[in-house]
Ligand code: KG4
Ligand code: ZN
């Protein structure tokens, strides 16, 4: 703790297309959370081009750092630790944040705390309320879709994950076919609310006795429907297409999560990741929890913190820091970093 009895963590996030630097007090208070997004630049490519992402991070990281310290009204000597996302993500992008964090740690003699990006997403929920253990997290983002068991603070075990596309990836691919700019999740969500589930797309792996997901069959069914309509020159209702796609994603996510909660009794369910911003999913999960698991509380990451940001990395770093986790200056980016599977 520093002189004022506050624990201040400076956190860096640069795993994909957001450069972000935050200052977090005691793991649950955001003093600053500066986010420089590259979406407008990456949009013209229809996705994230890794080399372009790295270049943007290099341009932005020192600006974000200065801004984050200024907004938080703190100086380097007030800090207790420096935290950074070291994986999973794009290697060149991760390296920018890792190098910046190592530099600050070395120059100011501060402990360095390595953070898994997915642990960060889970801990975004910390800003909506306290996490109660044991907990289960439904993590839905652009690169990952997984169910994670949290036995205690700083412990993460995968119990199921997607076998192919992540939910957000499916949104973005379907968006491309609909002519919606990357990232398409939010627009499809809005469009879905104006339509109905008339196409009845498949719900994959619902009957399998595991906690894995699959979204590539749904994506193919969607694309085939669009191509067929194109060939016979039939005009399909875009809102109904969006509503049907979204309903299929939500049904699978909710059903698998309810199934997991039957096998893993927990105190809390956490919803986090970029796709956790989906209004249909937030509502459907809330309804299902009330109906099937009324004693388990549902903690949803705040809407503004579902996407990538450094505040969530600072919150996850707080528990790692308390648990004594440290990295030295040999810390490297680990693009395919994963939680362990439950034994
Ligand atoms: O977690 P995130 O910001 O980045 C990764 O770590 O992957 O997630 C980004 C993903 C994108 O695929 C985007 O389309 C999706 O989250 N997304 C949504 C919504 N808002 C963002 N998907 C569905 N509904 C939304 N409202
Ligand atoms: Zn993310």
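Using N, Cα and C of the backbone, Cβ positions are placed for all residues, glycine too.
What TrEMBL says about this one:
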DOMAIN    29-314  domain 'Gcp-like'
BINDING   117, 121, 308  Fe cation binding site
BINDING   139, 140, 141, 142, 143, 172, 185, 189, 278  substrate binding site
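Feature map: annotations from TrEMBL on the structure.
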| residue | record | DSSP class |
| --- | --- | --- |
| 117 | Fe cation binding site | helix |
| 139 | substrate binding site | strand |
| 185 | substrate binding site | helix |
| 278 | substrate binding site | coil |
| 308 | Fe cation binding site | coil |
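The Cβ of residue 141 (substrate binding site) has 24 neighbouring Cβ atoms from other residues within 10 Å, across all protein chains displayed. Surrounding the centroid of the Cβ atoms of 117, 121, 308, where the record places Fe cation, the chain contributes additional residues within 8 Å, namely 13, 15, 16, 85, 118, 120, 124, 141, 273, 274, 309, 312, 313. Most Cβ neighbours within 10 Å among the binding-site residues 143, 185: this distinction goes to 185. With a cut-off of under 6 Å between the Cβ and any atom of ligand 2, the binding-site residues 139, 141, 185, 278 reduce to 141.
Proximity of the binding-site residues 139, 141, 278 to ligand 1, judged by a Cβ distance under 6 angstroms to any of its atoms, singles out 141, 278 in sequence order. Taking the Cα atom of each, residue 143 (substrate binding site) and residue 117 (Fe cation binding site) are about 11 angstrom apart. Neighbour density for residue 278 (substrate binding site): within 10 A of its CB lie 27 other CB atoms from the protein chains shown. Counting only the Cα atoms, the space from residue 139 (substrate binding site) to residue 121 (Fe cation binding site) is about 8 angstrom. Closest to residue 185 (substrate binding site) in space, going by CA atoms and restricting to the binding-site residues 117, 121, 308, is 308.
A mean pLDDT of 97 is what the model gives for the domain 'Gcp-like' (29-314).
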